[in-house]
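J.: Pasting in a structure now, in structure tokens, and then I'll have a few things to ask.
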Amino acid sequence: MVRRHGSPLLVLDTARVRDQLHLLQRELPAAHVHFATKALPHPAVVRTIAETGASFEVASRGEIALLRDAGVDVGRTLHTHPIRSRADIADAYCSGIRRFVVDNPGELWKLAVLPRDIDVLVRLSFPNPAARCDLSTKFGATEVQAAALVEQAIGLGVSVAGFSFHVGSQTTTVAPFERAIRRTTSLMSELEVRTGARFSVLDLGGGFPIGYDEAVPDLAVLGAGIRTAIAAGGRNDTVLLEPGRFVTATAMTLVSRVIGSSDRVDGRWHYLDDGLYGSYSNVLTEGVHPLVFAASELTGSAVPDAARERATLAGPTCDSVDVIARGIELPALDEGDLLVSPMMGAYTSVTASGFNGLEPTPIHVIDAGPLRF
């Protein structure tokens with residue numbers, strides 16, 4: 001494959017996207033999946049997800065355009081960015097989106113000028129410092145603020161369909177989900193009594209973990225805890241999910257090449273044709289460290305211990321920050337040797353930059369095809 005397409009190369013297997021969606025649907029069968037488009041906004045991913053009957057969540061005009069160009073029914077899409085320009089709101093509405101997320105009075109005022117065929121979800125803040133990325137610091141309302149937003153919406157004539165939250169990226173225990181569900185369903189029931197409003201939607205966000213260089217709980221464990229917590233709330237809400245990383249991380253593999261090596265004071269260094277400003281960008285943004293293997297290790301060839309070394313892997317740019325991994329044990333490598341990183345399908349190519357004038361790593365799409373280097 002690399003002989004044909006060159007390196008670096010990202011290989012996207014859409015069958016794995018389907019597999020992950022089916023896993024979610026098996027463990028949380030009553031939930032409606034809205035894929036977080038930002039994780040891997042690729043037309044092949046969009047088409048695959050649409051074919052399964054799942055929908056999408058978006059946060060920008062560009063993501064809406066991607067869905068529209070792929071023939072997706074944008075009317076089923078959630079717009080989850082709590083802060084939008086008025087122009088973005090108008091564009092989303094004209095594209096067919098009718099459900100928006102809010103977390104503050106100013107955004108509610110912006111939405112109040114739209115026709116009354118829209119509704120909103122109020123986003124709650126549940127800080128989770130243990131998450132890889134705590135998503136309740138920049139966005140989300142406290143329960144007191146959320147109650148005030150509901151009352152404001154009633155006064156403005158804006159329908160509140162329900163509530164949403166996000167317990168944080170790579171949440172590895174069920175407790176944050178359970179706590180957020182318990183507090184949200186309690187708030188919903190309390191506000192229904194206090195205001196006379198009726199809510200019908202509980203949006204659990206994402207955060208389902210993927211194991212890169214660490215063990216994570218099986219989705220069955222998280223799913224059981226989530227189902228129990230929802231049942232304990234005693235409600236009959238429509239449950240939504242916004243998974244991103246969980247759906248696409250395993251679907252893409254990076255193949256890169258050693259373009260040079262050097263013996264430095266701290267040991268052997270190998271310089272690759274992809275790095276932190278490219279497909280390994282999630283190392284910078286969230287501290288996610290994908291595994292790296294020499295291609296020779298994956299072909300079944302035994303490598304004697306004496307032929308292995310600890311090395312530092314660096315990217316191709318002139319920036320000294322561009323270091324992918326330090327002290328990683330690999331077979332001795334030479335210029336031209338290939339390396340492979342699995343689980344590169346989430347927040348990789350999408351957050352890459354053009355620093356140093358480097359071209360984005362191309363993506364080659366397969367469907368459960370064999371990966372030959």
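Cβ atoms are placed via backbone N, Cα and C, with glycine included.
Keep in mind that this is a model prediction, so the values were computed, not measured.
The domain 'Orn/DAP/Arg decarboxylase 2 N-terminal' annotation in TrEMBL covers 15-249. The N6-(pyridoxal phosphate)lysine annotation in TrEMBL covers Lys38. Annotated active site, proton donor per TrEMBL: Cys318, in sequence order.
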J.: With an 8 Å cut-off on Cβ-Cβ distance and a minimum sequence separation of at least 6, pull the same-chain contacts of Lys38 (N6-(pyridoxal phosphate)lysine), or say none.
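T.: The answer is Ala59, Glu63, Gly244, Tyr347, Val350.
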J.: Please list, in sequence order, the residues in the chain of Cys318 (active site, proton donor) that are at least six apart in sequence and whose C-beta is under 8 Å away from its C-beta.
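T.: Result: Asn356.
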J.: Let me know the model's mean pLDDT on the domain 'Orn/DAP/Arg decarboxylase 2 N-terminal' (15-249).
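T.: Averaged over the domain 'Orn/DAP/Arg decarboxylase 2 N-terminal' (15-249), the predicted model reaches a pLDDT of 95.
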